[in-house]
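Here the structure comes first, spelled out in structure tokens, and everything after it is commentary.
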Amino acid sequence: QMNANDCHDPPKYWTIHGLWPDKAEDCNRTWHFNVTEIKDLMSDMRHYWPDVLHSSLNRTQFWKHEWSKHGTCAATLEVLNSQKKYFGKALELYQHVDLNGCLLKAGIKPSSSYYKMTAIKEALRNFYGVTPKIQCLPPEEGEEAQTIGQIEFCFTKELQLIDCTAPKGGSNPMQAHLKLGTEELSVCNDTLPTYYPSEVQ
């Protein structure tokens, strides 16, 4: 919608946004992204972690951004302490979680009719045994439905799934609203009808 000329054939499946440590104090901003370190992962990266706003194949700015903002902080964990490990582990977690398969098994698929947010949450909770954080675009002027935009899973430092709970003691800067152009994703409202679009019109 925002980059109509650039966003060719957006994927019809859930892709990765990032792997974000919660409390990021020890980030090494001087550790620059080097695409050659993940050359073995490239076909998976392009498929599962595409830059949907800048879709040409040689673009790496999305990965570069995720590495410098989040990866350099995540690298305090031994299991994530290189670019290859960070991106590789994120791909592994993505495959393990298999959100696409889970939603399909629960009968939740892109549709022109609306879902109840509570039903989506319940399906995810039944499948994973934990509560993820579901984020939506709020209804546009004159509309009644929110649009599902992002599903965030939370992990322990041992990379086991846990409930996503609001951090104690106020807001967490890493969980700040994600701006999509002029639109903002925020935690979905349980009472609003929810649109899960197959194509963003």
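The backbone N, Cα and C atoms fix where each Cβ goes, glycine too.
Listed in TrEMBL for this protein:
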ACT_SITE  HIS17  active site
ACT_SITE  GLU66  active site
ACT_SITE  HIS70  active site
Integer Cα-Cα distance in angstrom, HIS70 (active site) to HIS17 (active site): 11
GLU66 (active site) CB neighbourhood, other CB atoms within 10 A: 23
Nearest-integer angstrom distance between the alpha carbons (Cα) of HIS17 (active site) and GLU66 (active site): 8
HIS70 (active site): tally of other CB atoms within 10 A of its CB: 21
Neighbour tally for HIS17 (active site), based on other Cβ positions within 10 Å of its Cβ: 15
